[in-house]
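According to TrEMBL, the protein carries these features:
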- 9-37: transmembrane segment (TRANSMEM)
- 142-164: transmembrane segment (TRANSMEM)
- 185-207: transmembrane segment (TRANSMEM)
- 277-299: transmembrane segment (TRANSMEM)
- 388-409: transmembrane segment (TRANSMEM)
- 429-448: transmembrane segment (TRANSMEM)
Amino acid sequence: MMQDLPPAIWYACIILAILLLALGTVGNILFLFTIFYKSQLKSRAGSVKSTRMPYASLTLWPKRKASLPTGYHPQVTEGLWSYKGFQGRQNPLSCLLVATSDRLLSLMTFTDCLAQWTTLPRYLLLILTEVDLRTLHPCICWMHTFVVMTTTNLSVAYLCIFSVHRAIRLRWPLWSRRKLTQARLQFAIVLATGLCIAKHLPVFFLFRVVPNNRINSSSPSSPCPTCSSSSSSVAAALFRAAINATSLPVKESFACDLYCTNSTSVCLGWFYYGLEFFTHGLLAYFCILPATCLLCQALRHSASRAPKRAGTLCLLPTHLPQSTDSRSMSIYQPSGSLLNREVRHHVSMSSLQELQSPSVDGIRFHCSAPNWASGRAVPFQPQPRQPISAYVISALGIYHMLSSLPFLVLIEARFQFKLKILPEASHALVYFPLVLLLYSNNAINYYAMLLIGPRFRRQTCEALQHLLPFCLTDRQSNVNAKWKASPDPANYSGNNRRSDVFAASRQGANKLDCFGLCQRSHSRAHIKLGKPASSSVMCGSLASDVDFIASQDQKYAQQEVNQAANLPENLKERTLSHSLSTVNLSSTCY
């Protein structure tokens, strides 16, 4: 047992170190797994959307960007409804992590996990056995010091970048969209990573396994002579203070620290510790504190205007009027400002010259969302979209400042500026609890996200359901057995359009209403975006084949009801309601 620590503090430090390792490792792994699961889920949704129904697209996309009042472009896709989702990406790296916040959170979580496993086991071994891991071999001294310094600096650097990025994006969104691009953000991340690695390369040249009694001594036989400069006394005092700050409060015969052979080594050591204290301590506070204050002010201002937020948008053609007097289109789109206002723009149809036709001129679009239970489109009520990543990063920034401030004042500043805050005998009593409190920053990312984000909690539950195999094994085997025993519904359809509906229902997709079925009848046309001929052909053919689709729906409705008895239990109700709603909607669609 360490002589300077009371038994209660000694046991508390051991339990706290084990808890931080366990909770931090589990939380960081689950955090990374949930982020990758969410990103892959969005990527799969975008790929299915673009490959399963490439033909069901009635899109109005003006090619002249100057005609729109903002930089957003309206679109109407997939028949009745559309959402501004994640399309298929060509870059495989962007498919792994779609959102910028996901990339930054994954970087922070990965570096926090590395910082935990490179630092906490050393302190746990030191508390238990009073043996420093770095003193076992010179290579261990170099590598462990370099890895610990680099990972802890990267963790703080990524937190600073994330805080500044979220604050700027939330406070000045229009300016940040033009200036704070993805390329510049990636350049800042790469630059910070390179600077942190290059800053600690002198560890391989300055650090050695030296006797501990010679480090703290100020006699002429000390391996670190004074720096030959005009301010030699100040440099020597600061250098000895830095040496004492990094030496652990244990009675070891050897320690991994600076070994100075001449005055140049002393100056390099003094410069290295001064640069580390300035960048890792003071500069981090100067970045995190203003960014956190700006985030809190922006979130408070955003929460007061949150009910007017237009989130995921749907653009829906409500009717096809006979007259062509109405030549305007109502478009709901986010304003991109801090006030989160719901903006409604009226764009003249003259800006859509490429798509003008008698079937398109009279269409009026408004923001709505489909109600698949009733088969009708109901007005879309925009829900407030809370910037969860901004709340999380502000909470992490506040906790980082509160947990690291005692260590910075009582340990670092005490030796850097020769402050007599605590007596020398209580150095070990304060050192280890403050170090464990400092490294608790790397273990709370996942739990802070669970506490703040309700959507993240739902995604975590979904990810855990996919992670645990016993949740879906028996159910999936039973469903497959029923599908093998039951006849194929495509054999009874006699139509490729009806087999598409059964295939969509088998995959668990939503029901298609009459307008979507009309579009599915022209699946072989493969209507592309922005072509005037394709839009006119599609709209004209849709208008001419309404009666044919209605008659086909009435013909196969009773046959689908009869065949629904052989379907699995989880698809009976969906197929029956789809068959009945098709007959009711086919006469009232146009």
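Easy rule for this one: first residue shown is 1, then count along the chain.
For all residues, glycine too, the Cβ spot is worked out from N, Cα and C.
Curation plays no part in TrEMBL annotations; they are all automatic predictions.
The shown structure was predicted, so the numbers you read here are calculated from the model rather than taken from an experiment.
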For the transmembrane segment (9-37), distant same-chain residues with Cβ under 8 A (at least six beyond the ends): 1-2, 96-97, 102, 105-106, 109-110, 112-113, 116-117, 120-121, 123-124, 127-128, 429, 432-433, 436, 439-440, 442-447, 449, 456, 459-460, 462-463, 466-467
Residue numbers, six or more beyond the limits of the transmembrane segment (388-409), whose CB comes under 8 Å of its CB atoms: 101, 105, 156, 159, 162-163, 166, 170, 281, 285, 288-289, 291-292, 295-296, 298-299, 421, 434-435, 437-438, 440-441, 444-445, 448-449, 452-453, 455-456
For the transmembrane segment (277-299), sequence-distant contacts whose Cβ falls under 8 Å of one of its Cβ atoms, 6 or more beyond its ends: 152-153, 156-157, 159-160, 163-164, 166-167, 170-171, 199, 242, 338, 387, 390-391, 393-394, 397-398, 400-401, 408, 412, 416
Sequence-remote partners of the transmembrane segment (142-164) [C-beta within less than 8 Å, at least six residues beyond its ends]: 104-105, 107-108, 111-112, 114-115, 118-119, 122, 133-134, 185, 188-189, 192-193, 196-197, 199-201, 203-204, 207, 256, 276, 279-280, 284, 287-288, 291-292, 295, 393-394, 396-397, 400, 441-442
